[in-house]
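Noted in TrEMBL for the protein shown:
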BINDING   46-57, Leu86, Glu107, 151-152, Arg169  S-adenosyl-L-methionine binding site
Amino acid sequence: MSASPSFGGGLQAFPGDMDHSADASGLLEGSDIGSQKERVVTEEEWLQKWEMGNIGFHKEQRHPLLQKYLDVLLNGRSGLRIFFPLCGKAVEMKWLADMGHTVVGVEVSEQAVKEFFSDHSLPYCEEPVPEISGAKMFQSTSGNISLYCCSIYDLSSSIVGKFDGVWDRGALVAVNPCDRQRYASLMISLVEKNSSYLLVTVSYDPNKHKGPPFYVPESEIKSLFGNCCEIRCLEKVDDFSERHRQWGLDYFLEVLYLLKFVA
């Protein structure tokens with residue numbers, strides 16, 4: 001499958017200690033992120049991806065890493081408020097809501113939000129968000145799923161409250177590199193003390209693909225979040241596929257971190 005001799009076909013997990021992706025791929029952690037540093041994807045481009053059905057980032061099945069580490073996210077707790085940044089129509093939102101948790105997401109594409117509800121045959125109501133011009137909030141009639149249609153940067157804890165858990169898959173890696181600090185500061189402001197934040201990043205040679213998804217080195221995770229939480233790399237998985245080969249890559253890893261916001 002992969003040009004790297006470290007990888008066989010299919011999924012292969014690495015131990016959770018730091019920097020194994022660097023060892024396996026030959027890419028030094030913290031190295032230059034190539035031309036990605038200046039790369040900007042506009043809101044209009046994201047909307048167009050949804051309109052054109054160019055949503056290879058959407059997964060029809062629940063993410064195996066969330067299923068495997070769900071207990072780490074929940075930490076023995078029930079009835080949590082869980083946040084899905086840049087949620088798209090992630091199927092895990094209904095899964096967690098069905099467990100009794102309250103799910104809140106934010107997504108710029110109204111089409112994605114409406115498709116989420118229609119895909120799951122969930123009735124919903126729609127209302128404006130008074131604090132954010134032009135924003136809408138779509139809520140399941142059961143009340144346990146609320147999706148905000150607006151820019152994530154328009155949100156604040158005064159609007160959406162604070163969260164006990166975060167599932168960030170496809171969000172930080174979609175944020176323009178120049179906006180990462182802004183994004184991280186917002187996320188930190190939205191979580192309760194003792195919350196658990198599961199963060200999935202991707203690792204590949206950023207000189208061979210312009211993104212998104214963008215390469216986020218481990219050193220940057222530490223820089224963005226290290227001052228306010230404990231960071232642990234839980235697993236690194238070979239996710240290389242033909243799609244990545246077409247991008248010109250010869251390896252592609254998903255990297256799962258646990259960010260623990262201690263009181």
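Yeah, the Cβs are placed from backbone N, Cα and C, and that goes for glycine too.
Positions of TrEMBL features highlighted on the structure.
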residue: Trp46; record: S-adenosyl-L-methionine binding site; Cβ contacts under 8 Å, 6 or more apart: Val108, Ser109, Ala174
residue: Lys49; record: S-adenosyl-L-methionine binding site; Cβ contacts under 8 Å, 6 or more apart: Ile55
residue: Met52; record: S-adenosyl-L-methionine binding site; Cβ contacts under 8 Å, 6 or more apart: none
residue: Leu86; record: S-adenosyl-L-methionine binding site; Cβ contacts under 8 Å, 6 or more apart: Val106, Glu107, Val108, Ile152, Gly170, Ala171, Ala174, Val175
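The Cβ neighbour count for Ile152 (S-adenosyl-L-methionine binding site), using a 10 Å radius over every protein chain in view, is 21.
Here the Cβ of Ile55 (S-adenosyl-L-methionine binding site) has 17 other Cβ atoms within 10 Å, regardless of which shown protein chain they belong to.
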